[in-house]
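Dumping the structure here so I can ask a few things about it.
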Amino acid sequence: MLSAQLDEYLAEMNLSATTEQKKQLVGFVEMLNKWNKAYNLTSIRDPQQMLIRHIMDSLAVSKHLVGERFIDVGTGPGLPGIPLAIMNPERSFVLLDSLGKRIRFQKQVQHELGIHNISSVESRVEAFEPEVKFDGVLSRAFASIEDMLHWCHHLPSETGCYYALKGQLADNEMANIPQGFEVTDIIELQVPRLDEQRHLLRVIKK
């Protein structure tokens, strides 16, 4: 059932995936559903809704990524980082979260599904100092762009940028962009079977 739905949604989004990638995406949903019963990793309980609201919602960003090295800040159970890593095996993703149970889940996913381009780190964002800066800083965890730029200012490389995954944009969201930053793109994302607004904001340091 999930496999058939995934095929349908990928076709709607014009995304191509190998048999192995599809197997990993479905496997991730199945593991998330299983672990969620004990670890409370997401408020969404229905695997079919997980596929839409977690997997496809994450993959809507995929074609907009530029660069090789990414960090997903406040990744939770690995969103959007794990679906993006599955679909972009040539890129590397650091998954950052401060809760140990989430990191344990991510590492089990990595082991069971054979995902080799992710690295899970248990840390608060302000305490994490990367040896090499990132081409892209991703997050769907922050309430505002302002918060994201404040807490993640030390993560991108000189040419790197921020990718903020948002729902409906607040009227004052753009007005509160701190000095020294510029919003280069506001992209309206289309997620199959999701009748809610989704946006991707790309921000750079001036």
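Every residue, even glycine, has its Cβ placed from backbone N, Cα and C.
Among the features that Swiss-Prot reports, S-adenosyl-L-methionine binding site is placed at G74, L79, V125, E126, R140.
How buried are the listed features, and what sits near them?
Secondary structure at G74 (S-adenosyl-L-methionine binding site), as computed by DSSP, is coil. There are 21 other CB atoms within 10 A of the CB of G74 (S-adenosyl-L-methionine binding site), with all protein chains counted.
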Please give the S-adenosyl-L-methionine site's span as the largest CA-CA distance among G74, L79, V125, E126, R140, to the nearest whole angstrom.
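Spelled out: the longest distance between any two Cα atoms in G74, L79, V125, E126, R140 is 20 Å.
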Can you tell me the three-state DSSP label for R140 (S-adenosyl-L-methionine binding site)?
coil
Just jot down the residues in the same chain as L79 (S-adenosyl-L-methionine binding site), at least 6 apart in sequence, with C-beta under 8 A of its C-beta; none if empty.
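Spatial neighbours, sequence-distant, of L79 (S-adenosyl-L-methionine binding site): H54, D57, S58, D72, R140.
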Check L79 (S-adenosyl-L-methionine binding site) against DSSP and tell me helix, strand or coil, would you?
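The three-state answer is coil.
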Which residues does V125 (S-adenosyl-L-methionine binding site) neighbour through Cβ under 8 Å, counting only same-chain ones at least six apart?
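Counting only residues 6 or more apart in sequence, the Cβ neighbours of V125 (S-adenosyl-L-methionine binding site) under 8 Å are V73, G74, L96, S98, W151, C152, L155.
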